[in-house]
Amino acid sequence: MEYIKSNKVVLIGDGAVGSSYAFALVAQGVADELVIIDLDEDKVKGDVMDLNHAAPYGGSPVKIKAGSYKACHNADLVVITAGAAQKPGETRLDLIEKNTKIFKSIVSEVMASGFNGIFLVATNPVDVLTYVTQQVSGLPKEKVIGSGTILDTARFKYELAEEFGVSDRSVHGQIIGEHGDSELAVWSQANIAGQPLYQLLIDDPEKQHRIEEIFVNTRDAAYDIIQAKGATYYGIAMGLVHITKAILNNQNVVLTVSSRLEGEYGQEDVYIGVPTKINRQGAVEVFEIPLNDEEKTLFTRSVGILKEMQNKISHLIA
């Protein structure tokens, strides 16, 4: 009998994002095996039961179970959504330091299992924690990927699609940089069927104000959702499944994930959201979008902010 390799995913973190990802993964039939790890074992037990009951109506058969870090040893992909949430009065730096310590522990446990697959990081601040994951794991940069600006790009496409009355799948545009306040829209390359959208907006006096509004709506969407319902999880969960499919199915698609730069865009030693080819080997190639002078300045600023954060937590992962 011919041996057929199965696709095994281990999910670390069964909170709102993690459980949403698990559901979407099962619904779309992306993996053959899903193992869920979380400190709240009762929550995992309940979700495993619930997901197994949903699986018969999913995309394809999948084995779902609770597990420990030992399950990572033969996993193709380890997805990390675990981490501390920001508390009232807590600074962003406090949160970064707290999650860096958590990640150092998680990644060390995963590597101790003999894991040699690909890490996919979603916990915020995602760019910095992806950097932490690569530093602690010692894996090649191709094997450590962050969700980056994949959700921001989806939000940007949604806003543009609404503005121009077309399907979001017909919109070509990217948000790059930090997944956060310093991200930027690559307006100079955004288009529908080759028509430059920035020019269409700037040439229409009644729509010029929409350029800033579209970007602000994109950048600040998370704040609006959090204010309305407490957290964001469906969008990022679907984005993570999209990346998962690209990896497990060797799709060679280009997605705006958090990748490590080594000279691209004139930058190095930083994880940041940029268009990257994703396949079974991981993040194999960064694509350099032509940026205008303003976009180059904004991107350099975003890199500087991320490097400053990396430097502030470097002593925790030395």
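Note: Cβ is positioned from N, Cα and C throughout, glycine not excepted.
Some features that Swiss-Prot has for this protein:
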{"type": "ACT_SITE", "residues": "His179", "note": "active site, proton acceptor"}
{"type": "BINDING", "residues": "Val17, Asp38, Lys43, Tyr69, Gly83, Ala84, Ser105, Ala122, Thr123, Asn124, Ser147", "note": "NAD(+) binding site"}
{"type": "BINDING", "residues": "Gln86, Arg92, Asn124, Pro125, Val126, Asp127, Asp152, Thr153, Ala154, Arg155, Thr232", "note": "substrate binding site"}
{"type": "BINDING", "residues": "Lys157, His172", "note": "beta-D-fructose 1,6-bisphosphate binding site"}
{"type": "MOD_RES", "residues": "Tyr223", "note": "phosphotyrosine"}
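This view paints the features noted in Swiss-Prot onto the structure.
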| residue | record | contacts (Cβ under 8 Å, 6+ apart) |
| --- | --- | --- |
| Val17 | NAD(+) binding site | Thr81, Ala122, Ala231, Tyr233, Ile236, Ala237, Leu240 |
| Lys43 | NAD(+) binding site | Asp14 |
| Gly83 | NAD(+) binding site | Gly13, Asn99, Ile102, Phe103, Thr123, Asn124, Leu129 |
| Gln86 | substrate binding site | Arg92, Leu95 |
| Ser105 | NAD(+) binding site | none |
| Ala154 | substrate binding site | Asp168, Gly235, Gly239 |
| His172 | beta-D-fructose 1,6-bisphosphate binding site | Gln189, Ala190, Asn191, Ile192 |
| Tyr223 | phosphotyrosine | none |
| Thr232 | substrate binding site | Ala221, Ala222, Ile225, Ile226 |
*Reported as an integer number of Å, what is the Cα distance between the residue listed as 'active site, proton acceptor' and Ser147 (NAD(+) binding site)?*
9
*Starting from each candidate's C-beta and looking 10 angstroms out, tell me which of the binding-site residues Thr123, Asn124, Ser147 has the most other C-beta atoms.*
Ser147
*For NAD(+), with binders Val17, Asp38, Lys43, Tyr69, Gly83, Ala84, Ser105, Ala122, Thr123, Asn124, Ser147, what's the maximum Cα separation in whole Å?*
24
*Look at each of the recorded positions, Lys157, His179, and point out the one with the fewest other Cβ atoms around it within 10 Å.*
Lys157
*Between Lys157 (beta-D-fructose 1,6-bisphosphate binding site) and Ser147 (NAD(+) binding site), the C-alpha gap once rounded to whole angstrom*: 17
*According to DSSP, which of helix, strand or coil covers His172 (beta-D-fructose 1,6-bisphosphate binding site)?*
strand
*Hey, what's the Cβ neighbour count for Asp152 (substrate binding site) at 10 Å?*
28
*Rounded to the nearest angstrom, how far is the Cα of Ser147 (NAD(+) binding site) from the Cα of Val126 (substrate binding site)?*
7
*Consider each pair of residues in Gln86, Arg92, Asn124, Pro125, Val126, Asp127, Asp152, Thr153, Ala154, Arg155, Thr232, all listed by the record as binding substrate, and report the largest Cα separation in Å as a whole number.*
25
